[in-house]
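Report on one structure; see the data block that follows.
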Amino acid sequence: MSSPRERRPASQAPRLSRRPPAHQTSRSSPDTTAPTGSGLSNRFVNDNGIVTDTTASGTNCPPPPRAAARRASSPGESPQLVIFDLDGTLTDSARGIVSSFRHALNHIGAPVPEGDLATHIVGPPMHETLRAMGLGESAEEAIVAYRADYSARGWAMNSLFDGIGPLLADLRTAGVRLAVATSKAEPTARRILRHFGIEQHFEVIAGASTDGSRGSKVDVLAHALAQLRPLPERLVMVGDRSHDVDGAAAHGIDTVVVGWGYGRADFIDKTSTTVVTHAATIDELREALGV
């Protein structure tokens with residue numbers, strides 16, 4: 001491996017792009033404790049390429065496509081299909097992702113941004129994050145370095161959140177169909193689920209394509225839904241970030257947002273075109289899913 005380049009001066013540090021807060025209704029109250037002192041840019045780009053500034057009121061999140069069929073959970077009824085996000089929802093993957101992110105920036109001689117990196121980089125496609133940091137021609141080299149390091153060691157710096165294994169088993173016993181939709185590369189997602197012994201619970205595992213043609217949550221969910229047809233009347237997305245909510249809303253699907261992930265700051269004073277339920281604990285998630 002080539003040695004790291006000479007480090008940039010601090011005045012030229014790259015700036016992370018932040019995703020917009022997701023829209024929520026108040027079926028239950030979320031934890032609105034936002035991380036402070038990040039020193040990161042307030043200007044960000046969401047999964048659909050919409051640029052928003054957090055210093056302004058409101059957001060520019062696009063509405064769901066007109067053709068999107070309304071397929072959501074019904075009040076008082078358990079879902080028939082649950083689609084899970086991976087990072088921050090099923091597994092605590094922040095340590096490995098942050099470690100490989102640091103490695104990628106060190107490799108090209110770029111300083112690592114200050115602040116809570118997990119809050120800003122875990123969830124969306126890493127190639128989008130790196131390309132939005134103002135790294136210029138070095139962005140592609142950083143992406144290659146990140147992928148190599150994450151494939152070699154970062155993926156294993158990971159753990160299953162407490163209670164996830166039994167929850168999945170109970171959902172399957174109850175006859176609920178299960179799937180995964182993640183912006184992580186699909187082969188890596190399968191590797192992680194297999195490593196934790198939970199791959200067999202999922203009818204479909206949909207992730208980002210390795211050629212970069214499919215990466216946004218909207219596209220990954222479309223890929224998953226196409227494989228899950230015919231779709232039942234009651235289905236729900238379970239995730240931890242705003243792009244999970246926005247991606248599901250684009251397909252007319254409600255979301256349960258878990259409180260143990262990395263997106264607490266995404267859900268402050270916003271509304272949604274679909275229902276957003278907040279589950280702070282695994283027991284609350286069980287209640288929301290009817291098991």
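Each Cβ is built from the backbone N, Cα and C atoms, and glycine gets one as well.
As annotated in Swiss-Prot, phosphotyrosine applies, among TYR150, TYR262, to TYR262. Sequence-distant contacts of TYR262 (phosphotyrosine), defined as residues of its own chain at least six apart whose C-beta falls under 8 angstroms from its C-beta, comprise ASP87, GLY88, ALA94, ALA118, THR119, VAL122, GLY123, ASP240, ARG241.
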